[in-house]
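According to TrEMBL, the feature domain 'G-protein coupled receptors family 1 profile' maps to 36-145. What TrEMBL records for 23-44, 56-79, 91-111, 132-149 is transmembrane segment.
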Amino acid sequence: MNVSSTCNVTNLELYDHIRLIEFVLYNLIFFFGALFNVLALWVFCKMKKWTETRVYAINLVFADCFVICTLPFVAYFLWNKSARSELCQVIEAMYLINMVMSIYVISFISIDRYIAIKYPLKARTFRSPSKAALLCGLLWLSVIIGVTLDCQQRNAALCFDSDITTLSLLSFSLGFT
């Protein structure tokens, strides 16, 4: 009896330390992420010529900025383990939308670079900044709709319930591949 109660106290203390480290890391990432994303956005806006890569990079910066803006709320909700409120659902959806967007925009950058290198002559006909912007716009729209529908079907009791968030993100991501 005595040994198991000691283990439980140790596990609780370890869990509190992990939550504290997580809270501090989220806030540090928020600070430095916001700083460097604003700097990146400023650099991309100062460039004169619009390219496909620049369009994708600006979309990536916006997606990262939105994820970073949710981090203080994520830290708060994880620290307090509160019930799911409307604010929680909005922050959770915003977090998932922009995390998925970041993944897809990076994938589009890779595909765009591959096409430009592998088929340089053909790529000139179907690669353009306006087509990249249209593709990103359609991607934003489809991801927002998909995550919103997924979040409405979720029945989690706590805000940012990690098991449900992981499963829904996995199912949503596999739906697009």
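Counting starts with 1 at the first residue shown.
Keep in mind that glycine also has a Cβ here, set from the backbone N, Cα and C atoms.
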Query raised in the report: Which residues of the same chain, at least 6 past either end of the transmembrane segment (56-79), have a Cβ under 8 Å from a Cβ in it?
Result: 19, 22-23, 26-27, 29-30, 33-34, 37-38, 40-41, 44, 87-88, 91, 94-95, 97-99, 101-102, 105-106, 108-109, 112, 132, 136, 140, 159-160
**Report entry** Integer average pLDDT (0 to 100) for the domain 'G-protein coupled receptors family 1 profile' (36-145)
**Finding:** 88
